[in-house]
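Taking it in order: structure first as structure tokens, then the write-up.
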Number of protein chains: 2
Amino acid sequence: MATRAVTPRPLPRIIMLGLVPVASWFIVRPFLDPVPALPGLFISIGFSIFSLLATLYLVPALGPTFIQAHLSGRDLLKVYSTPIPESLGLVCASVYILALILFIPFAFSDSLTIRSTPTPEGISVPEFPHSRLSVYLSSLLSLLMATILGFLDDVFDIRWRHKLPIPIVASIPLLMVYFAERGNTHIVVPLPLRFLLGSLVNLGPLYYLYMSLLSTFATNSINILAGINGSEVSQALIIAISVILNDLLYLPWPVGFHLPVHLLGSKAEVEFGGVWSAGMAHGSKELVERHLFSLYFMLPLVAVCAGFMYHNWYPARAFPGDTLCYVTGMAFAVVGIQAHFSKTLLLFFLPQIFNFVLSCPQLFGLVPCPRHRVPRFDMDTNLLHPSKAQFMKPPASLTVIVLRIFSTLKLVDLTVHPSSGVILETTNLTILNFLLILMCCQVRNEFFLSCSAGLTIILGKQIGGSILAFTVRYGLAGLVYDR
Amino acid sequence: MATRAVTPRPLPRIIMLGLVPVASWFIVRPFLDPVPALPGLFISIGFSIFSLLATLYLVPALGPTFIQAHLSGRDLLKVYSTPIPESLGLVCASVYILALILFIPFAFSDSLTIRSTPTPEGISVPEFPHSRLSVYLSSLLSLLMATILGFLDDVFDIRWRHKLPIPIVASIPLLMVYFAERGNTHIVVPLPLRFLLGSLVNLGPLYYLYMSLLSTFATNSINILAGINGSEVSQALIIAISVILNDLLYLPWPVGFHLPVHLLGSKAEVEFGGVWSAGMAHGSKELVERHLFSLYFMLPLVAVCAGFMYHNWYPARAFPGDTLCYVTGMAFAVVGIQAHFSKTLLLFFLPQIFNFVLSCPQLFGLVPCPRHRVPRFDMDTNLLHPSKAQFMKPPASLTVIVLRIFSTLKLVDLTVHPSSGVILETTNLTILNFLLILMCCQVRNEFFLSCSAGLTIILGKQIGGSILAFTVRYGLAGLVYDR
């Protein structure tokens, strides 16, 4: 069993070779007549497939090099203890950013737009104006800074309090260019508050604070929910796919259909597709451009995450390190900010927000916080148990109140002194432990989950969160916003 | 003596504290009336002074962290063998790039240009148009990629043949944006060839090849001339200062004077300064903008190089690692390409070009090439000697011819079998060894140079090279180019 962990997962050769012509077709297609409506999107898909292949191939190929450079970890949840290469998120980040850089001439040069004749009906999207190039480049700069800072974190093992400002530093290029380009700092006021504030409010400098906090949140909220093989990358993957699904609603499609969201209380239908209306964009070129921008960043991200997940899946052959969390978090912040759908983005982070709120008592010192809060692995039974934090002395009254409330809501499992009723232990306040408690209570009153199942929970809760997010965004949002 | 190497060089506190108000004044000055003609330049100088202070402070402060992360080296030329932190070029690069990023809103926003009233006489330079922002950002991307690749080289110790393409990869953002912006690929033909090619030739794709080769050359030529404390950083420093001096010739100055270059054979005088003529720019806004761009990149580079040199000076308290060579080389390539003076830039690389040509027989396998070609240090006498390469078997006839020619030109010192005349040894073919041979022959016929003096030679030859470069550029160039 000890050797199994270090043997790279075999690559399905036929699939890999088969994908090369598919990817090539996507890249060549826009140069052939008739030119498709969105030539850049074809090329982006082509590059994404190549990124997937590169990640699949490079992660196992570079693993030994990382181990040699002292970048390896031991799996906290495994019975064997052979070193597994750590920080391979760097490979994902490099492939991702290189794909985005090589994409520049296709997205921004005239070579494609000159060829694409205006479509006979519907809005024609002449890809990006050159002014958007600096926005694209500043996003790349932020991603690259997140990569280098994440990797430095892996190499130097930066302390927690020095870590927090890292995403803020990485978001500086974004903010600088946003400022230099005199970016919009107005926000739309929700309907119930309009009598007080009007329909638009200029946040000014506060908007820059909001943007840097968004990148901090997106980065750290993924990082905080780590500890099970594949947990970081699967969160990123599901969020990225959710963003892509949301973007697709705004593109001009040759077909169209309606989603019956009036059932959820929305006044307007969700119109999906139709060249004239460009789906939810309602004919707005600006909106189509923004969501194309988002797609260009999300498609290769999904590709590298999927490629890495293949090797990071239980039992993991490679660990992501902090680099992956930083880069994916920054990528989400970038599209949320630059494509102006940060509120929708935050909805996709619902599980992370829940985890953050749940963690607050431990983060702010009410409850003791051990170094690792990941679920505990029982070697004998091969099962996962919620990990626990012990109270060395009887907890303060505020802590008791909070924990009692959490316990009533079935968020934590408390160990109480049989006679005095003093709280001795609590399960660590993370969404993973919460889900373990939830599952065992509802199903067999016993911790039955294997590690692999643990990952399935994460995937499940993230997908569930995204479904909820779509419901809120296109159903309930109609109650507080115009559309 | 063993402890001396690891004790950081003390910082002159009074000077450091004294520089803070100076730097602050430079940053605040453009916001006060009367607004100076080039407000961005003031702010760039202010940021550069802060970069100098940051580098001076951070290099010794972060040294122990680098040693902990297995990033330390032993000095090949020192008697003591305590570990000295390696790769601290990363700190320089980070400070440098952060300064350039924070400079963005000052260089590109309207906040400054709105305030600056047109000057009563002379060309007014409304700083940069927004279209130049993407050029600036692509340069930053290339610098950041050079940083991350250089640091990866330090961490993973990449093999030589994998190293060569690194600068090409780092220059991709530059090339992509150059292409997307439909950058100029024409070159001016020298006068003697015009009857054949016309006055302009479009190189097309060859121009992109030229640009990527320029970055490869600028990077590796500094890296190849390493091995003495301070050699990498001092080369970069002198070249950067030379570029700055060259840029200053093109700025609008309130005073003006002429250099009598007709003595060197040039038809036109070098006019320095004068608001109307903007010095060598002859009233061309375009030229002033280009050289401002170059100054914005070179001023902070000089600052971080000077700050690092303080700690890298013999005996070195910190080593630069490959990161510094990559970043400085890429910075030179960036300004050469974006500000369109790559030919002038190459003139400043004359010592490096000489070193490269001299090294060719070893690089291409005619002469054996040991792992290190740095001059040998004699512990007993504390003197430097030229290092030697030994022939295991009698050299081929081509090698003999080349070495005999080099020997006649006093470029190498050969050890010949007394009776048979077969070449047994040659000094390694580097400019450092060549200078050691030259000095000893001319001065006392004995190797008398201490390590510190060795560095002085490098500085001297680089400064001499730059003086020669200026002579060629503004004297002899008039013979083959219009101006």
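Using N, Cα and C of the backbone, Cβ positions are placed for all residues, glycine too.
These come from TrEMBL:
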type: TRANSMEM; residues: B:12-28; note: transmembrane segment
type: TRANSMEM; residues: B:40-67; note: transmembrane segment
type: TRANSMEM; residues: B:88-108; note: transmembrane segment
type: TRANSMEM; residues: B:133-152; note: transmembrane segment
type: TRANSMEM; residues: B:164-180; note: transmembrane segment
type: TRANSMEM; residues: B:293-311; note: transmembrane segment
type: TRANSMEM; residues: B:323-341; note: transmembrane segment
type: TRANSMEM; residues: B:347-367; note: transmembrane segment
Would you confirm whether the transmembrane segment (B:164-180) and the transmembrane segment (B:347-367) meet the contact rule of 3 or more C-beta pairs below 8 angstroms, pairs 6 or more apart in sequence? no
Counting Cβ pairs closer than 8 Å to the transmembrane segment (B:40-67), the top stretch among B:133-152, B:293-311, B:323-341 is B:293-311
Surrounding residues of the transmembrane segment (B:133-152) on its own chain - C-beta under 8 Å, 6+ positions past either end: 87, 89-90, 93-94, 96-97, 100-101, 104, 107-108, 158, 166-167, 169-174, 176-178, 180-181, 215, 219, 293, 297, 321-327, 329-331, 333-334, 338
With a Cβ cut-off under 8 Å, give me the same-chain residues at least six positions beyond the ends of the transmembrane segment (B:323-341) that come close to it. 87-90, 92-93, 96, 135, 139, 142-143, 146-147, 149-151, 153-154, 166-167, 170-171, 174, 178, 184, 211, 214-215, 218-223, 226, 232-233, 236, 239-240, 243, 246-247, 290-291, 293-294, 297-298, 301, 305, 308, 349
